[in-house]
């Protein structure tokens, strides 16, 4: 891939600024954990796996900022760093998974000198980034087998390299199918209100030379009914124990349309996106974002001033609409409760 979503470089976190794509390919450097938290909150970086990596690197930066004479003081301040990162975005479980992993590593190394502990945390954050890239490639390999030769694949939002450490989940499946020689093409929903499909997915696929057609969100049913879409592949921000899946707002609508038109609807996500502590999707917290994201487009008003707005960032697709969940460990379908639990069994 010709871009890097996020990396640790010279004791700084470097991210591509996704708010400025596709017009400008700009990389931003962050030297402190609070600025990383703000980048996550402001969607400079987004996508569940990517913000998990960003959170881990933010914690590592925070550990380097802490001034402490005792372990008690260090770990007290570390807890505050982790709390700041955890409050950035509530829906994507990878964020919390990464923070908990960093806290666990810190706790396991309490006997080390503080300078060594800081280096251990940096190494762990980089390891999380590297692992995510490998997970995505494995997801791609498993999912590519589900994509028919010559298929037109519909995807929603951006679950590509920009949403992960690289390669992508849903787009990882598409990339792997393309690399395997299947002559596929992609329909990308524009994905209002942030236009991740138009700005990010279309940009990624065009860079890779994968044929892509942009459609507005309300066109999906039209093309499904005409038989122009063979299957749908989306990513996920949190998957409950029964397979209910939170993903970008509008995913549920696409899944219902796919079911009505007998089109397979696949979810691609690493096992780090599973939250088996939640029985079903009703328990998944849904982030609501600022009304301006709906009323303005690139700073220009597109709605009357003072209009009431609702802006949930995610919705939950019930498991009954999902044909299969593609993970780095394999594909699960049917009995999600048993299948998903089997993926993470010790």
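The count begins at 1 with the first shown residue.
Keep in mind that glycine also has a Cβ here, set from the backbone N, Cα and C atoms.
Binding of substrate is annotated in Swiss-Prot for 46, 47, 48, 196, 247, 248; the matching candidate from 4, 89, 292 at the same site is 89. Neighbour counts of Cβ atoms within 10 Å were taken for the recorded positions 89, 237; the minimum is at 89. For the recorded substrate site, residues 46, 47, 48, 89, 196, 247, 248 set the reference point as the centre of their Cβ atoms, and the other residues of that chain within 8 Å of it by Cβ are 51, 92, 157, 158, 159, 163, 235, 237, 313, 314. Look at residue 196 (substrate binding site): DSSP puts it in a helix.
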